[in-house]
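S.K.: According to TrEMBL, the protein has these features:
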- B:E160: active site (ACT_SITE)
- B:C116, B:H159, B:H163: Fe cation binding site (BINDING)
Amino acid sequence: MNELAITVIGRDRPGIVADVAEVLARLGANLTDSTMTRLRGHFAMTLICVGPAAAEVEAALAPLAADGQLLATVRAVSPDGETAPAGEPYVMAVHGADRMGIVAAMTRVLAEASGNVTDLSTRLTGSLYVVVAEVDLPPGIADALARRLAATAADLGVEVSLRPADPDLL
Amino acid sequence: MSEEYAGLGGWTPDALALPGQVRQVVTAPNPVLSRPGGEVDPTAEETVQLAADLIATMRVSPGCVGLAAPQVGVGAQVFAVDITGHPKAVTVHGTFVLCNARVVEASRWKAGREGCMSVPDLTGDVKRASRLVVEGELPGTGKSVRLATDGFEARALQHEIDHCAGLLFLDRVAGAHAVYQRKVYL
């Protein structure tokens, strides 16, 4: 069974999700995990599906991109299986005046501490830049990491907070 | 209600005995919003004026249920709250201003959507205590008060106390998908 990673990006309009899902359904591709959002108005969808060969899906999606407004890519990926959460879940929030390199610098600090970003969103509104990252951290490092993040944030002139993610279990 | 939670003791904005001026509200990333405010003398004339100005500014701002000194560019631990008439209001203490306020009891944490005049284009999901006891001082008399509240007023108080500590709701959002572009402007 092939596992495929598909991205569809481009000018937003009603019906893109339906068009993509219809193509996949027709080919017997089972849509598993997916996410879709609009990034500054652009349509952006990433999904994993299981089923047919990559070339077959690529050909079937080609008409969607024919008008040049959408870009669809299909790639076979090796199934990784579900990876167990590697550490303690935290949320890093950064906000401040927009400037080059905020995400690069802050996520580098996370990476150097072996923090694994599991979800990320950024927003620019006016001159305010906001980054929210969910990150799995090795046990016991959060306090030291928070100090390093604060130092890097101070260099950038932005604010940072690192808080445990809400487990919110029943 | 016990003496311990005597609330505001009948305090109203009339106690300030001076008219408030509408001040300009500053927005992020203005650094004053990220600096902890200083403690104030609640009986000082400038504190009383600030209190009156916060109320005046809150009243001319549609949908505004609270305003803290850093939001008008003053790094001080003073804020105004008034959730009167809000559809989500449960306990309501009317219009009031607290100085040097701190949370002394917080429980029953619940997620809710928050906005902020200083972050006008975004909202976010934030977990706050829905049962809250706050201590602070009233502007003018300087009288210490202990206020027990819940629900929406508790959320508003925590939001404003955060402002006085240099924190925005953005510092407490629940996750990467808990920040939203504002769809409705009041």
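Numbering starts at 1 and runs along the chain as displayed.
Quick reminder: no glycine exception, Cβ is built from N, Cα and C everywhere.
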S.K.: An 8 Å radius from the center of the B:C116, B:H159, B:H163 Cβ atoms defines the neighbourhood of the Fe cation site; name the other residues of that chain inside it, in order.
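M.R.: Other same-chain residues near the Fe cation site: B:G66, B:A68, B:Q71, B:E114, B:S118, B:E160, B:D162, B:L168, B:F169.
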S.K.: List the Cα distance (Å, whole number) between B:E160 (active site) and B:C116 (Fe cation binding site).
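M.R.: Computed Cα spacing between B:E160 (active site) and B:C116 (Fe cation binding site) is 10 Å.
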S.K.: With an 8 Å cut-off on Cβ-Cβ distance and a minimum sequence separation of at least 6, pull the same-chain contacts of B:H159 (Fe cation binding site), or say none.
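M.R.: Spatial neighbours, sequence-distant, of B:H159 (Fe cation binding site): B:G66, B:E114, B:C116, B:V126, B:R128, B:F169.
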S.K.: May I ask which residues of the same chain, at least 6 positions away in sequence, place their Cβ under 8 angstroms from the Cβ of B:H163 (Fe cation binding site)?
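M.R.: Listed in sequence order: B:L33, B:G37, B:A68, B:A69, B:P70, B:Q71, B:F79, B:S118.
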S.K.: Going by DSSP, give the three-state secondary structure for B:C116 (Fe cation binding site).
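M.R.: Reduced to three states, the DSSP call for B:C116 (Fe cation binding site) is strand.
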S.K.: Near the Cβ of B:C116 (Fe cation binding site), how many other Cβ atoms are there if near means within 10 Å?
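M.R.: There are 25 such Cβ atoms around B:C116 (Fe cation binding site).
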